[in-house]
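Feature annotations, courtesy of TrEMBL:
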- 6-31: transmembrane segment (TRANSMEM)
- 72-92: transmembrane segment (TRANSMEM)
- 104-124: transmembrane segment (TRANSMEM)
- 130-150: transmembrane segment (TRANSMEM)
- 162-184: transmembrane segment (TRANSMEM)
- 190-211: transmembrane segment (TRANSMEM)
- 218-261: region 'Disordered' (REGION)
- 242-254: compositional bias 'Low complexity' (COMPBIAS)
Amino acid sequence: MEDLAKFLFGVSGNVIALFLFLSPVPTFWRIIRRKSTEDFSGVPYNMTLINCLLSAWYGLPFVSPNNILVSTINGAGAVIETAYVVVFLVFASTHKTRLRTLGLAAAVASVFAAVALVSLLALHGQHRKLLCGVAATVCSICMYASPLSIMRLVIKTKSVEYMPFLLSLAVFLCGTSWFIYGLLGRDPFVTIPNGCGSFLGAVQLVLYAIYRNNKGAGGGSGGKQAGDDDVEMAEGRNNKVADGGAAADDSTAGGKAGTEV
């Protein structure tokens, strides 16, 4: 019964995380149509990519037995995030932006290759699981912490204009699903980061409940400027946020989507 419950929570985590991974599609459709990344940042996609790669590696049977559902969604996420990074490289608005994105992508590949090779060639059993688990956990916690900037912006402006309810709910549900999955599997490397994600998602929902009637109240130029200053690692997941440039939603969903381990 416990194994069935773990499987069901893992499947629900997969479904919700996939929604989070695909949520930037409107932003990238805009980039492709305009043939320019404009002022969007490529940092969240590279950060989510390294998170997905490390988490997918951790979930493989020879690293962490009985965690294949962690690998399936993060493997899919790695493919999706790679596509985002490629689009960003192709349509980079400036040469400097392209070089910076390329440098980040190279760093991501190097870090993942180092962790994978060391764990594969130099470590075995629990030591291999420990290295991969710690690397994935640290990255996941960083991804989950990224929405802190938009939460600060919500409190500062008393407006939820840049914190869509559905994304906040999805982050909470995704984190909670994987948190319970980790508890049932007695895996601290899944439980700890997703417990943090579930908590931060709950805080976002509380903030939304408090300031929901003020939506748009901080949406003037001052609010947008504050968003630009506070959230460099984020981009809008919907047209409104994209147009405003205070795009913390990518940070929120990036946190995903960092959900899995």
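Cβ atoms are placed via backbone N, Cα and C, with glycine included.
In summary, the transmembrane segment (6-31) does not lie against the transmembrane segment (130-150): fewer than three C-beta pairs, each 6 or more positions apart in sequence, are under 8 Å.
Residues of the same chain lying 6 or more positions beyond the ends of the transmembrane segment (190-211) and with a Cβ under 8 Å from any Cβ of it are 67, 70, 136-137, 140-141, 144-145, 147-148, 151, 154-155, 158-160, 163, 165, 168-169, 171-179, 181-183, 252, 255, 258-261.
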